[in-house]
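Listed in TrEMBL:
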TRANSMEM  23-45  transmembrane segment
DOMAIN    38-286  domain 'G-protein coupled receptors family 1 profile'
TRANSMEM  57-75  transmembrane segment
TRANSMEM  95-116  transmembrane segment
TRANSMEM  137-160  transmembrane segment
TRANSMEM  196-222  transmembrane segment
TRANSMEM  234-257  transmembrane segment
TRANSMEM  269-288  transmembrane segment
Amino acid sequence: GNHTLLTEFILSGLSSRPELQHLLFFTICLVYSMTLIGNLLICMVTVHPALHMPMYFFLRVLSFLDISTASVVVPKMLVSLLSEDRSISYLGCVTQLYCVVFLAATEWYLLAAMACDRYVAVCWPLRYAAIMSPRTCLSLVLLSCCSGKVVSVLQTAWVVTLSLCGPRRINYFFCDIPPLLVLSCTDTSLYEKQLISATVLVIFTPFCLILLSYACIISSILKISSAESRHKAFSTCSSHLTVVTLYWASGTLIYLQPKSTNSQDAKKILALIYTTVIPTLNPLIYSLRNKEVKEVLIRVV
């Protein structure tokens, strides 16, 4: 009864040292620009008739999600780096939280769909066009979005029911579940267990499905007699597996210990990698390791 309910929050940002603010601003602004340019190029390139395949359709959706994730987090962070006003309203915080969770969960399910696509392409090449039809691909994308929406609605609803009270300063650069739990003046042990369960469902379940798909893929690749065909199959799969590993490492370290105050600074770095760096790396990973994408990209540019 002595607590005052919060109507707005103060984001501490990446660093409290004034001499670093301008350097961080220009660095993150550069990274964000690369994210937008790289992913927009991927979206443009994968529309080309030469890349009219399910793999590139999924890649185009992934690039759109990367642009959305960075755009939800980075602009507010850039404004905070140049302005003394780092406040964000309660509604704005909840909206940002919902969008971040929705996009992150959708990307995980989409990565699982991409692994299934690679499995069909390598293990069932003669039936690939029939199995991975445009209708099937669109259904997988819509299923990923619906699953992400369910997860985000449930997680956001849980956070809204918590009694958040002072201090109103969030030791983060955007509104996310772990830093908001620290502000709760009620027992959050049940919610922490629920969040860990959701993390297992959203991250570990798709990750296990991806590993199973790649176990079958590797087994099939090793049976291919042509060294060139084996190299091509490994090349297309390794790009996707690299992205999955980056997402899995950062996501699990952030959400498996949601209320660990000792690691908030480390989680800020991981969250920065997750929301800013990985969306920039995705176009580089897929374009530099894919011959078809490089050829079309050179023609487009």
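Glycine residues also receive a Cβ, built from the backbone N, Cα and C atoms like all the rest.
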Per-residue pLDDT averaged over the domain 'G-protein coupled receptors family 1 profile' (38-286), given as an integer: 83
Contact call for the transmembrane segment (196-222) and the transmembrane segment (57-75): at least 3 Cβ pairs under 8 Å, seq gap 6+: no
Winner by Cβ pairs under 8 Å against the transmembrane segment (23-45), considering only 57-75, 95-116, 137-160, 269-288: 269-288
Beyond the flanks of the transmembrane segment (137-160) by at least 6 residues, Cβ under 8 Å: 54, 57-58, 61, 94, 97-99, 101-107, 109-110, 112-113, 116-117, 177, 180, 191, 194-195, 198, 201-202
